[in-house]
Amino acid sequence: MDKLKFGLVSLGCDKNRVDSEIILGSMNRDYEIVNDPREADVILVNTCGFIESAKQESINTILEMNKYKEKYNCKMLIATGCLTQRYGKELKELVPEIDAILGVNDYKSLDDAIEDFFNLGKKDIYCNYSDQSINEGKRIITTGEYSSYVRISEGCNNSCSYCIIPKIRGKYRSRQFENIIDEVRELSENGTKEVILIAQDTTRYGVDLYGRKRLHELLKEMSLIQGIEWIRIMYCYPEEITEELIEEIASNEKVCNYIDMPIQHISDNILKNMFRKTRKSEILDKVEKIRKKVPNIAIRTSLIVGFPGETEGDFNELCDFVKDANINNLGVFRYSREEGTKAALMPMQIADTVKEKREEDIMLIQQQVSKNLNAKKIGKVYKVIVEGFNGDYWYGRNFEMAPEIDGKVFFKSQSEIKVGSFINIKITENLEYDLIGVVYNEFSK
């Protein structure tokens, strides 16, 4: 078989992106990886199946990629990821255009699937539904060499009533401590300066392997690696955040004063029905404890509106929390009724129009909160990692901003700027979510 050109489309979360990077890095054949699907002989779509809108986007993307079989060079279309893990057999019947289907842990079967198709004309499902391994190995980084996601565990042991992820990704499995450190060391040698730790629950790291939580130890060891300047923590469960973790964030200059702590709601009634392990008082106490120890910390959270049984009172309580808590970065999801979850069977399902209105109301409140917080930053100087140039402004992020989901810092400069470098920016103007500034002491001697 001649050398094939291989294209990949990655949908969904940053954990899916890591899977895609491992897929690209693990292929045994000498493929040529291309960015333009018009050039590809083989196109793989790494799907998301978390909520209904993500499932629909995945199917639409698969059908869109099939057009390249009709009009261009593509001869084989492959689907993998959460959607295929959840609906592999049904997907084969629903979308016959797919030539091979792989589950979330089946990337090692990719070469076989391609060989079978081109040599034997075979179309098949390559899903090992009992595989509880962790996708690890060489990666081809797609986020720019200066910033890389590092997954520290796979799966989830929480049983939130709205979430299908444990059934797709399996039980919680921590990666070996040494493997993670080796990966970060290799990333650093290849130019990575910012490491973003991800998992379904980063704060539980180590419990299954070592009998104790070791996230704070992981941070300490990573910070010793030369070249790593920022370490950012995502997906922290409030009840799993330890004193040791807070102390490490406060004392370790390489660990960003940033924590992503999805709480989903603040009403005890809704939290109970979500099967969440924390209640309002515990969440408020945790936020206060973190801020007391790390005064300038940026807190990100995510919320779900329109959960079954969410009354006007529950929603107003959530609105009051958003107004008062001064959360730096916030995302809102409309509840999605997912088959196979406990919440899907609950009474008092909320109409889509109500969900949409509640999402809009929360984001309007947060927009003003964010604008007020940003106004206090005028005149301050921040270390910013440079991400690019949009034709008018250079842009990047300070420690308060995770890539893609938070705001940006925009600035102009008459000097030569290198993407991936750090630069000091003095803030001169604030927007709702973004900041505008100038290079600090650009022309000073």
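Every residue, even glycine, has its Cβ placed from backbone N, Cα and C.
According to Swiss-Prot, the feature domain 'MTTase N-terminal' maps to 4-119, an assignment based on sequence analysis. According to Swiss-Prot, the [4Fe-4S] cluster 1 binding site annotation covers Cys13, Cys48, Cys82, on the basis of sequence analysis. As annotated by Swiss-Prot, domain 'Radical SAM core' applies to 142-372, with the evidence given as sequence analysis. Marked as [4Fe-4S] cluster 2 binding site by Swiss-Prot: Cys156, Cys160, Cys163. What Swiss-Prot lists as domain 'TRAM' is 375-441.
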Restricting to the domain 'TRAM' (375-441), what is the model's mean pLDDT? 95
List the residues in the vicinity of the [4Fe-4S] cluster 2 site, defined as same-chain residues other than Cys156, Cys160, Cys163 with C-beta within 8 angstroms of the site's C-beta centre. Asn158, Ser159, Tyr162, Ile164, Ile165, Pro166, Gln200
Counting Cβ atoms within 10 Å of each candidate's own Cβ, which of the binding-site residues Cys13, Cys48, Cys160, Cys163 comes out highest? Cys163
Closest of Cys156, Cys160, Cys163 to Cys48 ([4Fe-4S] cluster 1 binding site), Cα positions, binding-site residues only: Cys163
Measuring Cα to Cα, how far is Cys156 ([4Fe-4S] cluster 2 binding site) from Cys13 ([4Fe-4S] cluster 1 binding site) in Å? 15
Pick the one among the binding-site residues Cys82, Cys156 whose Cβ has the fewest other Cβ atoms within 10 Å in this structure. Cys156
Where DSSP helix means H, G or I and strand means E or B, what are the helix, strand and coil counts for the domain 'TRAM' (375-441)? 1 helix, 31 strand, 35 coil
Shell of the [4Fe-4S] cluster 1 site beyond Cys13, Cys48, Cys82, same chain only (C-beta within 8 angstroms of their C-beta centre): Leu11, Gly12, Lys15, Asn16, Thr47, Gly49, Phe50, Ala54, Gly81, Leu83
Using the alpha carbons only, what distance in Å do you get between Cys163 ([4Fe-4S] cluster 2 binding site) and Cys82 ([4Fe-4S] cluster 1 binding site) once rounded? 13
Just to verify a number: CA distance, Cys13 ([4Fe-4S] cluster 1 binding site) to Cys160 ([4Fe-4S] cluster 2 binding site), in angstrom, no decimals. 18
For Cys160 ([4Fe-4S] cluster 2 binding site), the three-state DSSP class is coil
